[in-house]
Amino acid sequence: MSHQPVVVGRDGLAALIAALHSDGFRVLGPTVRDDAIVYDDVVTVDDLPAGWTDEQDGGRYRLKRRADNALFGYAVGPHAWKRFLHQPLLRLWRAEPDGTGMQVATDAKPTERFAFLAVRSCELHAIAIQDRVFLQGPYVDPHYQARRDGAFIVAVNCGEAGGTCFCVSMNTGPKAATGYDLALTEFPGEPHEFLLEAGTERGAALLARLPQRPSTPADAERADAVVAKTAGNMGRHMRSDDVPDLLLDNLEHKRWDDVAARCLSCGNCTQVCPTCFCTAVTDANDLSGATERTRRWDSCFSQNFSYIHGGAVRPSPRSRYRQWMTHKLASWVEQFGTSGCVGCGRCITWCPVGIDITEEVSAIRGDAPGGGHGRA
Amino acid sequence: MPAITEPLAPAEGDPMLPRIVRVGKRARDHNGTVTLTLESADEMPLPTFRPGQFTMLYVFGVGEIPVSISGDAADETCLVQTVRAVGAVSQAVTELQPGDTLGLRRPFGTAWPLEDLNGRDVVIVAGGLGLAPLRSVIYHVLANRARFGNVALLYGARNPADILFRSQLEMWRKRLDVQLDVMVDHADSSWHGRVGAVTLLLPRLAVDAARATALVCGPEVMMRFVAAGLSDTGIPDSSIWVSLERNMECAIGLCGHCQVEGLFVCKDGPVLRYDRVRRLMGVKEL
Amino acid sequence: MEGLERILGEHRLFVGLPQPFVALAAGCARNVAFNAGDYLFRSGDPADWIYLVRHGHVALEAAVPGRGAVMFETVSEGDVAGLTWLLPPYRWDHDARAIEPTRALALDATCLRNKWETDHDLGCEVLKRFLGLLVQKVNAARFQVLDIYARHY
C-alpha cells in the first residue's frame, strides 16, 4: 500500500460517513447514550461524541466534557464490536410440524454490510482474535462469517489512554497496524483535522472521494506524537511475556481464593470483553408445536456453564474465575496462537468490585506491591 | 429477527442445523438406559462414524445432548446410540419409540486410535456406561482379531443389575482369544462374579506392557484411577487413551462450554491421550 | 513338601524371599480345597490360618440384616483371603465363602507369627509385603466408597 496519507477536516469526515452510506453500508460508530459511549448507528458526523471523554478506573466509568471538540477523545466504552459480528442473541433455526415430522428452517443470511467507524487498535486485534475462533478453525460459524464478510473498518489511532488501558503491555496498540481499510488520527482544536491512511485498495478508493489536502511530514510527526503520548499514558501495565506458564503452573495458588472472595460471578467481564465468545443455546416452543432454537452470549462465570449430568464441573467462584483468567491469558495461546487479552481494560472498568486482571497477574507472580500471597 | 426464507439447509452447510432421522429400533438395557438404532428418514445415507465419536441428538421442543455411538462402524445402514436418562433431555431421548423422528447432528470429535492397535496387545477398560463408546472398538477388535496380540477387556459396574450389554459380555466371555473380566463394586450372594474395584484387575493383565495400548472410558474419577494404575503396570502414558466428558453444547468448538485448558473436549476430544491430560485430570474443578 | 515350597516361592507375597525362609514358611503350609458354598472361615472365628488362593473364587462377605450377605470383595488366584491374622486378637471380621471349587495354600498363622518373632528381618520383609497388599485393598475400598458409577453412569 503506497498511498500517501491525506488530511481531511470535519467536512471530510462527514463526507466519509456519507460515502459509506451511499455505498450501502450500515455505519456504526461511537455515540453517547445512557451516560456512556456506545456503538450504534451513525447517520451524520453530529452523532459522534464531540467533546466527550471518559474517566475509567477499577469498577468506575464516567463521561466528562473535554476542553476541546474532539470526536474520538475517549478510550473505550462497555460495547465491543463483537455485538455486531457475534450477536448477543441469534435464532439458529426454527422447526415446524409438517404432518409426518418436523421441517427445520434457518433464517436468511443477513444482507447488510457493516462499516465500523473508529475501531481502536485493541479492537482490531480483538476482531482478528474472533476471526480465528469463528472462521479459522475446522468449523466456521456461518452467522459470524455472513456479518464479517465485507465489513468496512475505519480505525482510529488513540489520542487518549483510558485509566484501565494496557494495550502497550499486550502489544496491541495504541496505533492501528493492520486489519483496517482506513485509519485516522485526530488533531483536535483549530483547525480540527484528521490524518487518514488507507490500509486496503477499497479504503484508498474511498479516500480519493473525500475533500482533502495532501499530508506533510509535519502531519506525520503530529500523528506520531499523538500515539506516542497515548502510549506513555497507559492506565495499567501487565508483564505479559511469562503469563501463560505462570498461570498454568499456579493453578492452586492462594490468590485464587483471594480473588474468589471478591468476585461476584456476575459475568460482566465476559460480556464487555471484546474476545469472549461463549454462547448457550435455548429452546422455545409454542402451542402449534413449532420450536425455535436460539443462541445467546453465555458466561463461564455462571454455575450452569460447566454442567454435566447432575452437577457443575466448576461449582466454586474460585474455579470459575481461574477458568476465565487462565483461558483468556494462557490456554488461549495454545488454542488460537495468541493471547485472548488485548489490554482494552473493559473487564477492569466494568467489574462492579473493580477486580483488576493486571493486578491478579502480578499477585500470582509475587510482584504485587505489598503482595503477601505466597504460593499454595 | 428476519423472516424464514431458506428451508432445509443441507447437513454439510450449517453445522448447528440438525438433520431429521428416525428411530428404527429401541432396546431397553438396565436402569433407564436405552439403545436406539437410528435410520435415515430420507434418501440420504446416514453419516459414517469412527468409534469414539459422538453425535448430538435433539428432541424437538426439549433440547439437545451429546450421545455416545455404541454400534458397529462397519454397518453403515444405521447409527446405534446408547443413552441413559439422567436429565430432561436424556429422559426424552430414552422415551423415543420406533418410528419417532428426532434431530441428529453429525458424529463429532476424535476417535479411538484403531490404526495404532494393529500388532499390539489391546487393553480395554470400561466403567459403567463407558462401555457404550468402547463397544464400537470391541466390534472392530473381535472382527479383526488376528491383527492384534493379547486382548483384555475389563469392565467395572456399580452392581450386577447395572451391567450394560450383559448378554453380549457373556457371549464374549466364552471366546478363548479374549481375557474378559467384569468387576462390580457391590453385590449380594446371588452374584458369582468378581466384586471389588476394577483397579484390582490391572496387575493381573495378561499383556506385554511395552507393546500394549489401553483404551479407557468411564466416569472421570474411574479413568483417573485406572489410567494411573495402567501406567503403574508399565504401559507408557502415551499408549493410554481416555475419553473425557464435559458440557458439550455446540460440538464444534465454538460455544466454549467444554473448554478445559487448551482443549475443547468436543473437537480436540473426547478421546485424548493420557500423557496430554494426566495433569489436568488431577486438578480439582478445572 | 518340596512342591509346597515351590508354590509358595512363586506366590506374589513370597516371591524373592530367601529360600530358607520360604522353606520355613512352607513348613507351616498345607494344601486345602473347598467346594462351592464352603466357608473358608466365618466372622468371629479365630484367625488361625492364612489362605493364599491358588485356584477358584472366594467371596468376602458381611451379613447385613435384611440384605443377606453383602459381598464387598472377591479374591481369586494369587490373592489372599483375610488379613486380621496379622494382629491381635487374631480373629476374622468377615466371612469367606468359596463361590466355586477353590484350592488354596493354608498357612498356619501361629507358626508364621512365631517364625518372624524369632527373625525380625524376615518378619519385617513379610510385613512389608502384606502392608503393600493392605494399601492396595484400602485404595480399592476407597474407589468403592466413591461410588463413582452411581451419579454419572
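Yeah, the Cβs are placed from backbone N, Cα and C, and that goes for glycine too.
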> Taking B:CYS217, B:CYS266 as the options, which does TrEMBL list with B:CYS250, B:CYS255, B:CYS258 at the [2Fe-2S] cluster site?
Replying inline: B:CYS266
>> Quick check: which same-chain residues outside B:CYS250, B:CYS255, B:CYS258, B:CYS266 lie with their CB within 8 A of the centre of the [2Fe-2S] cluster site CB atoms?
In response: B:ASN247, B:MET248, B:GLU249, B:ALA251, B:ILE252, B:GLY253, B:LEU254, B:GLY256, B:HIS257, B:GLN259, B:PHE264, B:VAL265, B:LYS267
>> Mean pLDDT across the domain 'FAD-binding FR-type' (B:16-114), rounded to an integer, is what?
In response: 94
> Tell me, by DSSP, whether B:CYS258 ([2Fe-2S] cluster binding site) is helix, strand or coil?
Replying inline: coil
>> According to DSSP, does B:CYS250 ([2Fe-2S] cluster binding site) sit in a helix, a strand, or coil?
In response: coil
> In sequence order, which same-chain residues at least six apart have a C-beta under 8 angstroms from B:CYS250 ([2Fe-2S] cluster binding site)?
Replying inline: B:PRO15, B:MET16, B:HIS257, B:CYS266
> So how many of the residues in the domain 'FAD-binding FR-type' (B:16-114) end up helix, strand or coil by DSSP?
Replying inline: 8 helix, 45 strand, 46 coil
> Near B:CYS255 ([2Fe-2S] cluster binding site), which residues of its chain come within a Cβ-Cβ distance under 8 Å, counting only those 6 or more away in sequence?
Replying inline: B:GLU249
>> Applying an 8 Å Cβ threshold (strictly under) against chain C, tell me which of the binding-site residues B:CYS250, B:CYS255, B:CYS258, B:CYS266 fall inside, in sequence order.
In response: none
